[in-house]
Amino acid sequence: MSRLIIVFIVVTMICAATALSSKKSINEDEKDEKRSVAVAGAVIEGATLTFNVLQTVLKALGDISRKIAVGIDNESGMTWTAMNTYFRSGTSDVILPHTVPHGKALLYNGQKDRGPVATGVVGVLAYAMSDGNTLAVLFSIPFDYNLYSNWWNVKVYKGHRRADQRMYEELYYNLSPFRGDNGWHNRDLGYGLKGRGFMNSSGQSILEIHVTKA
């Protein structure tokens, strides 16, 4: 009988320790999930994409004169897969989030080249959509506001196409980009989609875009 009691006590202790460990793991996962919010490179719930989230992403870059936080909400009914980012100037230490399901939003950032260099942050990012087409987003934060302004653009290209210099030139010069003027703008993207976006006019800028079904 005493042996059975001892075995019972040992088993109870093991179960309690396992439950405690599982609870700790769950709590840590929850903390990781909370930390992932407002971190460049993360994928968050689309409904939680706000200016405040992007300002947090922007602030994390530190004291940099030219920088941008980008948030793109996927309400397209499709899954997006990252292709690449092309930087005309500037850089990012963050890798594009690989997979962005419907109902989620990606967070990304960019900054001017390091050091005392007179550059802004200008680039294009591309995502392959599950319908076989490509979502492309342009962002342009110049160094010299005496000559240039903030600009952004969004377009769906037929087929899969990586971001490059040619895509940048098309989106910046030829395809009616929007000025970063602290206002919302809308565009029919074709292929049953539409886009709505906002960019401010600051050298420390945010770009928020929502891609939805038309």
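Every residue gets a Cβ built from N, Cα and C, even glycine.
Taken straight from Swiss-Prot:
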- Ser89, Val122, Ser140, Pro142, Tyr168, Tyr172, Tyr173: phosphocholine binding site (BINDING)
- 38-47: region 'Plays an important role in the hemolytic activity' (REGION)
- 46-65: region 'N-terminal region' (REGION)
- 140-155: region 'Trp-rich region, which is important for the binding to lipid membrane' (REGION)
- 1-19: signal peptide (SIGNAL)
- Tyr148: site 'Important in the initial contact with the lipid membrane' (SITE)
- Arg179: site 'Interacts with the lipid membrane' (SITE)
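Positions of the features from Swiss-Prot, shown on the structure.
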| residue | record | Cβ within 10 Å |
| --- | --- | --- |
| Ser89 | phosphocholine binding site | 19 |
| Val122 | phosphocholine binding site | 24 |
| Ser140 | phosphocholine binding site | 28 |
| Pro142 | phosphocholine binding site | 18 |
| Tyr148 | site 'Important in the initial contact with the lipid membrane' | 13 |
| Tyr168 | phosphocholine binding site | 20 |
| Tyr172 | phosphocholine binding site | 17 |
| Tyr173 | phosphocholine binding site | 9 |
| Arg179 | site 'Interacts with the lipid membrane' | 14 |
Outside the region 'Trp-rich region, which is important for the binding to lipid membrane' (140-155), six or more residues from its ends: residues with CB under 8 Å to it: 66-68, 88, 90, 110, 112, 118-122, 170-172, 175-181, 187, 189, 195, 197, 199-203, 205, 207, 209, 211
Tally of residues which DSSP labels helix, strand or coil - the region 'N-terminal region' (46-65): 12 helix, 0 strand, 8 coil
Nearest of the binding-site residues (Val122, Ser140, Pro142, Tyr168) to Arg179 (site 'Interacts with the lipid membrane'), judged by Cα-Cα distance: Ser140
Largest separation between Cα atoms (Å) of residues that the record links to phosphocholine, namely Ser89, Val122, Ser140, Pro142, Tyr168, Tyr172, Tyr173: 16
For the region 'Trp-rich region, which is important for the binding to lipid membrane' (140-155), residues assigned helix / strand / coil by DSSP: 0 helix, 7 strand, 9 coil
Alpha-carbon spacing, Ser89 (phosphocholine binding site) to Tyr148 (site 'Important in the initial contact with the lipid membrane'), which is rounded to whole Å: 14
